[in-house]
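J.: This is the structure I want to talk about, given as structure tokens.
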Amino acid sequence: MDDKNLEIKVELNVDISCQSCVDSISKELREKLENTKLVEHDIPEQRIVLQGTDLTQDILETIKNTGRNATICGLSSTTTTTSTSPSSSTCHKKQETVSGSAVCSLGLIENWQKGCGGSGGVGSKGVYGVIRLLRASTTKTLFEGRITGLKPGKHSLVVHEFGNLMNGCDDLGEPFISNVENNNNNNNNNNNNNNNNNNNNNNNNNNNKNINKCKEILNKIIGTSDVKQDGKAEFRVLSDKYDFWDLIGRSIVLHSQDSKYSPIEDLNNNNNNKNIVNSESDKILGERVACGIISRAASIGQNHKKVCPCDGTTAI
């Protein structure tokens, strides 16, 4: 299983009223998206479920191009786990879908409440996007989405320790290291220290520590996109760096390795940050262009809301 071939299911609220509505959506999907198909629909509930490998943003825009209002209300993996029941004399196997979904809005969007379930983040003026997270298996997490309004150059997504947006992107801490990774790093450091006790090698040891620290920080990058003139960065990355449930409440930061941006703005336009380098990791990863809180989101069948609690808009 890799990031390009991993199929996911996407549930949407769509204003459909008859079978011809469903048929027109299916036709649009076949013509515009090669890797996504409609697999379920419920006309009375005005809900559809799609399955494929296209970006969720492309799916949403394709359906809206049919002239219908649409919102994503659930995301699920197609991966299943198998368990065996010991109570039966015969081997009874039960398959369960791996579940877990989250969303992170990076950048500024007008009239959205900061920190509200995947809604208002903070960022440089004009930069905005949504990254969706999906627990693809017991050990891997899918990060996918698009961020727009960027300057040409390399941009990287990185999970940071904290989810505090009060001071823009400045108080989000360092790149997050999971407990498993932290234990592994400690073991490696202990081994290195045991093998380097000669005082004459202090300079070499310091150089090695700096190199290892740099590699450690770069290893925290989820994915890197080389932004062109259209100003778009797209990501679809399957990562085994984190336990999915340990990501909720932390943050995702978009770092720019090439371009300088204007100061980050918050929703009240009163943030005086100068986008200064505020950590050692920023010297390696680059400027913090936009950020947002990772918020738990609904899996398929879990979200029955018709009105968004963040901005009060009607879903359909």
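Cβ coordinates come from backbone N, Cα and C, glycine included.
OK, Swiss-Prot features for this one:
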- 182-210: compositional bias 'Low complexity' (COMPBIAS)
- 7-71: domain 'HMA' (DOMAIN)
- 99-298: region 'Superoxide dismutase-like' (REGION)
- 179-210: region 'Disordered' (REGION)
J.: In the predicted model, what is the mean pLDDT computed over the region 'Superoxide dismutase-like' (99-298)?
T.: 80
J.: What are the DSSP helix/strand/coil residue counts across the domain 'HMA' (7-71)?
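T.: Per-class counts: 23 helix, 22 strand, 20 coil.
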